[in-house]
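Engineer: I'd like to ask you about the structure that follows.
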């Protein structure tokens, strides 16, 4: 057994039993245990919690290592989940029995569906979340998950051993070394380090090492990864100051109320925990030219903006927006942080100016003329000497300005679609370490990494979601084939097959696979998904079988704009496509076969959606089949693109293929710089190789048959 100590050499260590100070044991026994797990997850953020619980659901003995147990479930930035594209990820995480959707249904204070003006394929489920309630509910779930142990500790290094010969990679991870020198061993390790890899907080011209305000960064682990040969990049993000609710003049602002009824994130919930009338509103205001003036006059005091490090394109700081789009008004959403919280989160005002300038800027905005910046609950500051409007203090009533965070990430083209790294076997990455931004993107990667880390332990095939199966598949495929040079955010526009990959049908796409192929889905959820699938198929069949003349339909449903000029019979499924018609009105017109389909609200709504997209879905399914054929053509894992001579590829293409190591022809075709001609040549090579291999296998079978026949003949003689 060996471990890598971040200094470029292999050091032998002995395997010893050791008792660890566990935050929670997965059994009643308190006896000392050998520190060996199936899966170790490093980091207790949104990716880490999903990864740890997914691995445990798959049957793996899992250890979650986090700096502080009391920060599990902490929403470090915005108090919201979901949105356009992100809401799809939430539904898919839930379809695989993930946590965040169910926890949001128990913790929200304002639920709304975005993009309602467009079709249901691109609706974005979103919720404002009570930070305190979310953290409580998440910790309760984590600390009561069977097979999952939680331990406080920081990881300094990785324990590495010789690689498995049947897999690519120069070594294999077999555990971790903590900062106190103790070791924990495992069959698979998942890194979900968020912004902690060499994290640096920035306010004005001041910087301080931290992965998040109040938490130390991970330096040793970052150095280890770099020395192992991983390509490391640098990204940045930021968060706005928090404002005292009582100091805001809401009466002059645009008020936005939640939806009624509220749509839950989870397929297992019919409603959310709180009634619409008890939910909190959000408010909208805008910046003005005075804000632009403050930003432009003080750029010399803002090192974060001057950095060449790339920040999030779709959630930029106010300084970046002013520089990129001068002389414009920018939206500022005032979002509640909880039912009992006196804090308001100003979405759109992420900034890193010195503290006194931040307050000056905020009071220039309509409704915020008397706004007071205060510190969020639960923040333990590690910046005793950073001067920001005096001194930053841990006292709640003193101001805490917005700040930026710069951190390391690893080029995601160094991981496979299962999120295992090419360089180190059984090492998985998930979340911001792969260059993404957002809770939802992190959670989606976390659940896939947890599943595959567990499957790797049991030597089962990886669980890969393709671009044709889910937004998760698009997210991971974009990362592993295209890479990213800025924080990656999910949008519906990134998805080719949006009409098939809708929020309403994520369970049909992923729950059945998750149960059969990964074992990460509970029996109860699986049975519910099977019932919904069979009910939809039966309902569509019944709707297709009911036919009347258009004149009769017009009499039965007079509110529908049905043309009576058609002479041919019209199916009930076609009538359901009209905007004015739903399953309730159809059931009133034809109660006998249709009434039972209105008893479940979700079933009735999904039948309406299926009817709406029936014709276009048929054509899209044909396109999906073509893509799936390309994805089915697997490339050899041990193919050396730099040296193979049987295929004509340019040096540039060889380098790109060597770096990204695509697993299929389809993935190779999406790598920038890999030409169509190169794909054709690669396709020919793969098919020729497959034919040769098949011929060799047949020849081997024939030889074996002849040998067996000779032996049989000798016995008879």
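Cβ coordinates come from backbone N, Cα and C, glycine included.
Pulled from Swiss-Prot, these are the listed features:
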type	residues	note
BINDING	43, 44, 45, 46, 47, 48, 155, 218, 432	FAD binding site
MOD_RES	533	N6-methyllysine
TRANSIT	1-25	transit peptide
Engineer: Given residue 47 (FAD binding site) and the residue listed as 'N6-methyllysine', what distance in Å do their CA atoms have, once rounded to a whole number?
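Structural biologist: The residue listed as 'N6-methyllysine' has its Cα 29 Å from the Cα of residue 47 (FAD binding site).
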Engineer: State, in Å as a whole number, the widest CA to CA span among the FAD-binding residues 43, 44, 45, 46, 47, 48, 155, 218, 432 given in the record.
Structural biologist: 18
Engineer: Can you tell me how many other Cβ atoms are located within 10 Å of the Cβ belonging to residue 155 (FAD binding site)?
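Structural biologist: There are 23 of them.
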Engineer: Taking the Cβ of residue 43 (FAD binding site) as centre, how many other Cβ atoms lie within 10 Å?
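Structural biologist: Looking across every protein chain shown, the total is 29.
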Engineer: Return only the integer: C-alpha distance in Å from residue 45 (FAD binding site) to residue 533 (N6-methyllysine).
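Structural biologist: Each residue's Cα considered, residue 45 (FAD binding site) and residue 533 (N6-methyllysine) end up 33 Å apart.
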Engineer: By the DSSP assignment reduced to helix, strand and coil, which category contains residue 155 (FAD binding site)?
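Structural biologist: Note: residue 155 (FAD binding site) is in a strand by DSSP.
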Engineer: Per 10 Å Cβ neighbour count, which of the recorded positions 432, 533 ranks highest?
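Structural biologist: Counting Cβ neighbours within 10 Å, the top one is 432.
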Engineer: Taking the Cβ of residue 45 (FAD binding site) as the centre, how many other Cβ atoms fall within a 10 Å radius?
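Structural biologist: 29, counting other Cβ atoms within 10 Å of residue 45 (FAD binding site).
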Engineer: Just to verify a number: CA distance, residue 155 (FAD binding site) to residue 533 (N6-methyllysine), in angstrom, no decimals.
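Structural biologist: For residue 155 (FAD binding site) versus residue 533 (N6-methyllysine), the Cα atoms are 44 Å apart.
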